[in-house]
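Annotated features, as they stand in TrEMBL:
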{"type": "ACT_SITE", "residues": "LYS80", "note": "active site, charge relay system"}
{"type": "ACT_SITE", "residues": "SER155", "note": "active site, charge relay system"}
{"type": "ACT_SITE", "residues": "SER179", "note": "active site, acyl-ester intermediate"}
{"type": "BINDING", "residues": "LEU129, SER155, VAL176, GLY177, GLY178, SER179", "note": "substrate binding site"}
{"type": "DOMAIN", "residues": "34-500", "note": "domain 'Amidase'"}
Amino acid sequence: HPSVNMVSILSLPLPELSKKLRDGSLPPDHVFYAYVGKALQIATETNCITEFLQESETQLRKAKLMEKQGLLYGVPVSIKDSIDCQGHDSTLGFIKNLSKPAAEDSVVVQVLKRQGAIPFVKTNVPQSLISYDCKNLIFGQTCNPLLYTRTPGGSSGGEGALVGGGGSVLGIGTDVGGSLRFPAAFCGICAIKPTGNRLSKRGVMAGVVGQKAVAAAVGPLAKDVESLALCLRALLSEDMFSLDSTVPPLPFNEEVYSSTKPLRIGYYETDFFTMPSPAMRRAVRETKQLLEEAGHTLVPFELTNVDCVVFNYCVRGMFADGGRSFVKKFKGEMEKGGTGLLFWLAKAPHWLKTLLSWIAKPFVPRFSSIVRSMKENTVDEVWSLHHEIEDFCHQFIAQWKKLNLDVMLCPMLGPALGIGYPAKLSVAVSYTMLYNALDFPAGVVPVTLVTDEDEEELKGYKGYYQDWWDRTLVKAFRGSVGMPVAVQCVALPWQEELCLRFMKEVETL
């Protein structure tokens, strides 16, 4: 329509957009079609959308007649493939899941609709979701909107590409090892992974069903922190708590989010497991300096045992059945590409894993550990693993409390790796996976771009183990000048508002 100024609509941040929709200065259909047009363009460039939700147009007409306008009235929202939308497939990239439409909306989608939002597209994921790339045989490879040879991250990769490219003002994804944080960091946007049960997971499909060792979470992605806060305000409503009584009835705490008192912030530059790229290290240092100048107190935090967390808790926790249920998912599928090593190990017989692990130990300790973590566990072994994770969590919190911290500033893997590299670099999830094992809220804020100096410094990158993974990671980082790099902001369980408040501080500085 000639009177619609698409450019100005698309440039509005979510809080302003929703305000204009609610006060009637912007008609919902102008906003809707502006985003449909832009989403189509980004989808053509990056292949990030799996499906247009046809019923969104009916919903748009209904929205105009709504008496009570929700916080997200008239806002078009994109939804990750694995989150159920009634009448549409949640494929997880598996061919066998085609033409099996969901019987009803997931709770998150129901709440979004009650708040006036209009879910309008579903977005691409990697096959099985256990990957931080974004490719499957049904929909193909999704590219990074900032540089097409790079991955958008995963498993909420379609969301990262669409929101990062400006084709959606708000996206909903999931995270079990970094699946919200990778796409946000790689595509230069913000995201928050809440505590596992802060938002309902009813009607959300998981990559590995039933495992309790590593906490999955549902969360939003958007261009800025204020938009994430608005989304959580809308979702943490009576509707959410009545539709899913297992979610604690904690409404959004405005007081914590808008507080301005100086913070005590823990920080570290490396986890001593995955050597940070020069840009990652610089991102943390520069952010730390700005926070100090703004009157916050920064305290070094000693991180230990990350290798144990990655292998013993995360890999072993997710594949405690020796990877049996994971392998079963692939039955009859034509490709197992994106999860290469994990799939191969899950299929290998027990004696071969034991032998491989023993032979590899002196030469490639990390490979040996990953093989060892993929063995089948007895029930009492699984229980003692859960007990170990609980212990680790309490020790971590004790260390946090001893330093009297409010929040923590941490590195985030980046810049975006080349397409295909995540499948070869499963160990590089250490920075994000830690906070799924601990079940702490963790958000990502872009803070800088890769410089020529960073690229030059990368030539000296060795890694901590100097194994095949370290050599591959440095190749994956190369040639990234101008790509965004983020930091992670972390808070204690159930402190999403404090986490967002800290993210806002970092974003502003």
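Just so it is clear, glycine is given a Cβ too, placed from its N, Cα and C backbone atoms.
Caution: TrEMBL annotation is automatic and unverified by curators.
All features noted in TrEMBL, drawn onto the structure.
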residue: LYS80; record: active site, charge relay system; Cβ within 10 Å: 28
residue: LEU129; record: substrate binding site; Cβ within 10 Å: 29
residue: SER155; record: active site, charge relay system; Cβ within 10 Å: 36
residue: VAL176; record: substrate binding site; Cβ within 10 Å: 24
residue: GLY177; record: substrate binding site; Cβ within 10 Å: 29
residue: GLY178; record: substrate binding site; Cβ within 10 Å: 30
residue: SER179; record: active site, acyl-ester intermediate; Cβ within 10 Å: 34
Local confidence of the prediction over the domain 'Amidase' (34-500), expressed as mean pLDDT: 95
Cα separation, SER155 (active site, charge relay system) to GLY178 (substrate binding site) (Å, whole number): 8
Cα-proximity to LYS80 (active site, charge relay system), 10 Å cut-off, over recorded positions LEU129, SER155, SER179: SER155
Residue pair SER155 (active site, charge relay system), GLY177 (substrate binding site) - Cα distance, angstrom, rounded: 9
Length of the line joining the Cα atoms of LEU129 (substrate binding site) and SER179 (active site, acyl-ester intermediate), in Å: 8
Cβ-centroid neighbours of substrate site LEU129, SER155, VAL176, GLY177, GLY178, SER179, 8 Å, sequence order: ILE130, SER131, TYR132, GLY154, SER156, THR174, ASP175, LEU180, PHE182, GLY207, ALA216
For substrate: widest Cα to Cα gap among LEU129, SER155, VAL176, GLY177, GLY178, SER179 in Å: 11
